[in-house]
Ligand code: RRO
């Protein structure tokens with residue numbers, strides 16, 4: 001397997017990371033203590049659970065269905081809103097990326113203003129597949145992606161935009177974010193999905209449908225990263241089903257400068273040490289040599 005050499009720090013879209021492996025939004029990102037634990041377990045950076053303009057309890061349960069090689073969730077954007085600032089204030093100076101959402105550009109700008117001091121940068125969540133009025137309803141319209149990204153990029157902080165695969169052209173959405181001043185694109189959020197209990201004769205999740213993550217979506221994520229790399233000139237962060245060092249290299253060959261790990265963390269936070277132990281072993285080539293190399 002190809003291995004990488006790790007420089008002192010890795011800079012992606014204006015954010016300095018300790019390595020190329022980042023905790024994805026939604027998993028272990030609800031408290032400052034859990035985010036810090038993930039950093040101490042070897043993650044190069046961490047993304048918080050998505051924070052919005054008002055506190056939200058989330059969808060009624062069951063909210064998570066664990067399948068063979070995949071997970072479907074419909075958490076429903078549960079978050080404490082502005083109170084979350086207290087969780088990450090003690091982590092100031094660490095590579096903590098605040099995932100934020102809103103229903104319009106004004107709400108995005110308002111939520112961003114709370115984290116200006118504490119976060120290293122923002123990840124705009126315009127891609128949750130089951131968020132009425134938020135999420136993919138914004139992220140599937142390039143004009144709305146542009147307006148919301150613009151509102152936060154005016155802060156001058158690094159802005160990553162997390163995109164949905166549930167669109168005809170992810171490249172059009174990525175290009176809109178790039179035009180609006182995004183410093184990186186993150187691909188992908190979860191894939192719209194549902195299962196039905198044949199015993200109960202009704203959907204397994206309380207919300208009906210949800211978002212699919214885990215091994216099953218890795219090829220979808222690779223194709224989305226590939227399409228964004230062809231269409232855009234800002235860095236791409238690959239996310240979706242990454243669970244091994246070889247997956248990281250494959251994402252990079254498609255065009256990712258770093259990767260986020262989500263569902264695989266559910267099997268243990270030591271995933272960061274496990275992957276980096278393999279990824280950075282041996283002499284290793286520079287990431288620059290690998291990123292996008294499969295396009296040539
Ligand atoms: O909270 C959720 O239900 C959720 C979010 Br915010 C998201 O971005 N993606 C997802 O699959 N679930």
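Glycine too: its Cβ is placed from the backbone N, Cα and C atoms.
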Since TrEMBL lists 49, 50, 125, 188, 214, 240, 241, 262, 263 for FMN, which candidate among 162, 202, 274 does it give for that site as well?
162
Conformational class of residue 262 (FMN binding site) under the three-state DSSP mapping:
coil
Check: same-chain CB within 8 A of substrate site center, minus 49, 73, 74, 75, 76, 77, 125, 189, 190:
26, 50, 128, 129, 130, 131, 135, 210, 211
How many whole Å apart are the CA atoms of residue 262 (FMN binding site) and residue 190 (substrate binding site)?
10
Candidates 128, 188, 240 (recorded positions) - the one closest to residue 76 (substrate binding site) by CA:
128
